[in-house]
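This report concerns only the one structure given below.
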Amino acid sequence: MPFSLGQRWISDTESELGLGTVVAVEGRMVTVMFPATDENRMFSRADAPLTRVIFNPGDKAESHEGWSLTVSEVEEKDNLIIYHGIHDETGEQVSLRETLLNHNIRFNKPQDRLFAGQIDRLERFGIRYQCQQLRHKLATSDMLGLQGPRVGLIPHQQWIAHEVGRRFAPRVLLADEVGLGKTIEAGLIIHQQLLTGRAERILVIVPDTLRHQWLVEMLRRFNLKFSVFDEDRCVEAYADSDNPFYTEQLVICSLELLRKKRRLDQALAADWDLMVVDEAHHLEWTEDAPSRAYRIVEALSEEIPGVLLLTATPDQLGHQSHFARLRLLDPDRFYDYEAFLKEETNYADIASTADALAGNEPLSQEIIDNLKTQLAEKDITAATDIIQATDADVDQQQAARDALLQDLLDRHGTGRVLYRNSRASVKGFPTRIFNQYPQKMPAQYVTAARVGAMMNGHLDTAGKVKQALSPEKIYQEFESSSASWWKFDPRVDWLIDFLKENRREKVLIIASQAETALSLEEALRTREGIQATVFHEGMSIIERDKAGAYFAQETGGAQALICSEIGSEGRNFQFASQLILFDLPLNPDLLEQRIGRLDRIGQNNDVSIHVPYLEDTAQESLMQWYHKGLNAFEQTCPSGHILFNEFSESLLNVLISQDKEVLEQVLSDTQTRYAELKSVMEQGRDKLLEINSHGGERANKLVNALAERDEDTNLIGSVIRLWDIIGVEQEDSGENAIVLRPSEHMMFPTYPGLPEDGITVTFDREMALSRDDIALITQEHPLVQTGLDLITSSETGTTSVAVLKNKSLPAGTIFLELIYMADASAPKSSQLYRYLPPTPVRVLLDKNGNNLADNVNYESFNKQLSAVNRHIASKLVNASQAVLHPLFAKGEEFASSELTLLTESSRAKMTTQLNGELERLEALKAVNPNIRDEELAHLREQMVELNGYLDGAVLQLDAIRLVLVSHA
């Protein structure tokens, strides 16, 4: 497309942005500014979804200053349009450059199409109205952003996302224990912030090894297309922008990239709304010497309004490091470590009070006295009397307990910035059952190990241990490439026997190396014909998806999935409960990550862990250290990496020497230290914080409401009908799944987000959770949103003519059905949609101009109508013109009255909600310094802004249906 600075264009997919102006044309990209909504968009010049706005003679063109002219001549000069015509108020001859056009101009004129004979099919009018209703329903949902992600409805995860995701610029530390889903919580918050417009530009900083995992998680679970940035991508992006970070809205990068000063400076200047930092417990800090990584994140946190830090159990690197992370979130609040420690001493009393309230026993006098002190500004007598009464209603007692508990939570020192759930406080985890299978060391391995010791004497301790743990690699190294260790390794024999004995079980097998995984698949296939598939880092995302889907299939699927260490990162297989660790990693965190593929929230069965090992080898010694020293197979071990760091030298030495006495001493010392650390961590548990983090009964109510929406059959019917109308090919693939493909007969040339080779979808959350290759369709899914946008941003269904066969009415009786959209242009970040989203207003007029909409239900009326062909419809319209013209003016009067009611209702709702939240936070600020001044200021500014936007609410005629009564 030919673009020039100053030209006016509209977005085909986001018409609500108003009239845009080309502000930059660089390389392959064009940037368009939309002043009405204060938005910028960058498009590819080759296929930008934009339409040039050019008025014709006879049209009215409005200036941004408010005056308008009737166009008599259109002049093009230097690729820009100049309109000449008569000023509508003064009658003078005037000119208007296109750059000075009103930014809020709307362009749909259904009545022009109706009188021009451009009449749509009857069902298209219905689908358009339905689409507008669906968009309105989603925009007004109090759970917007929570239903769409392909995640289980886990109460504590949904609660944290609900609480944090609706804040302006949240600054929060997510510190759940392993397996509780911190990444999912972060993804839910990101998804909610994006859908609600609170954030648009997001930077995710993760370790190098987790970049791919985050990319996959965000795409597969949240339908968010992040871009991974490394040095090569930054260099490539220079063709489009001086700052590479401006070329994408959603970016994942590593800390390593930001260690380069130039890249850090560019990231600091990139106007992010939200930053997410994974593995934040690795940010080392001391008051005198903060690490380079810490200083990088600190610099970014000073520029970026919203910050999410994801960390393991907060105190596992020491309490000072925990304070340092809180300091990143709010340096004014957490300014001094000693002051923080002093403040924390007060939390113990609050926690014991909370424990008592959370229970069912009557409160002791000591607890009541504590409550009166802790909630000194409130009169709690009535609440405590209800709790203590022996004849009080149980629900009333629970409500009184909950109210007092909420008051305590609001006053808790870190309750708004720190969320931490532990397995002790969250139900739903399976039991781990550990099984060990000793095997004799094959003679071939003994010989290979002896030769290896002579040949590789130069290796350091870590290298020797690696060899000792993988004798099959040494054997393969010294034998010919055709030699196959799996033909004599007793662990393989045991594996085959196990799979044959458990043919009905899905079995996940994990090995350290991709080569080992491939060899095992070959062994199972060639020796016994066992159906297995592999999953390793050398495969593409699509190949891994297919392997995972083959494993997940209940009928005809693979019995076993064999994963390498890296290949299994970020993938969970809760539908399986049998885990075989063919070898063991030399890292407790990796062991926990392996077990965590199955042992997660949502696992319905006990998890059986099977470890075949070679007797009297490093494999057995390492297995004993994990089992007897850390109890790592049967329990999670948050202190695992601390213990490994403390004992690594003695452990590595004993793995090589195989000295039994030394091993026993290492095991004994590890057990003692493990018990010490476990005790310290248990004492450090903050019960009040856990209550706040998992949400209790409020979280359960939220999840139940989401589950009810999953069962909405009306939505399923509406979406399938939408795809039918658009022309998407739909094929039932069984198991509650549908394959969608573009067809040659689609209403639109492209359907963004629908792949050429199709996509498999389901409306069943459980099905989607068990199959990585199946998308979960909800009202929030991009395929649904895009479908709604395709219909509502086009002229589809804006005009229709129908016949009503009803002999109780005179033949030829006319009804005019008008659908208006009440709307106001505002930046998405203003949150106006919460109070006045685009709202369909229906008017149904008889020939005398009476509005029958309140008395005649749309659905029942629609069912009585019959379609007519376009030729006859056009004749009927022409014959009715004299009656129709005055009815349009009458319809606008009724719609305007409805707009006034909508606006005032929206204003009242906004004032009540925001004033209530402001008063609550102002009251809390007196007792909890964690309430940030920025949040209060934002609420005040938001109320002023929203009142202004509501004053600018307008009506737009969206669709017309002419109905004539016939007796034929």
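Positions of Cβ are set from backbone N, Cα and C atoms, glycine also.
Model, not experiment: these values are computed from the prediction.
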Motif 'DEAH box' according to Swiss-Prot, located in which of 278-281, 586-589, 626-629: 278-281
Non-site residues, in chain order, whose CB comes within 8 A of the mean position of the CB atoms of D176, E177, V178, G179, L180, G181, K182, T183 at ATP: E185, N421
Three-class DSSP secondary structure - D176 (ATP binding site): coil
In three-state DSSP terms, the structure that T183 (ATP binding site) belongs to: helix
Sparsest-packed among the binding-site residues, when each Cβ's other Cβ atoms within 10 Å are tallied, from D176, E177: E177
Protein Cβ atoms within 10 Å of G179 (ATP binding site), excluding its own: 19
Binding-site residues: V178, L180 - member with fewest neighbouring CB atoms within 10 Å: V178
DSSP residue counts for the motif 'DEAH box' (278-281), split into helix, strand and coil: 2 helix, 0 strand, 2 coil
Count of other CB atoms lying within 10 Å of the CB belonging to G181 (ATP binding site): 24
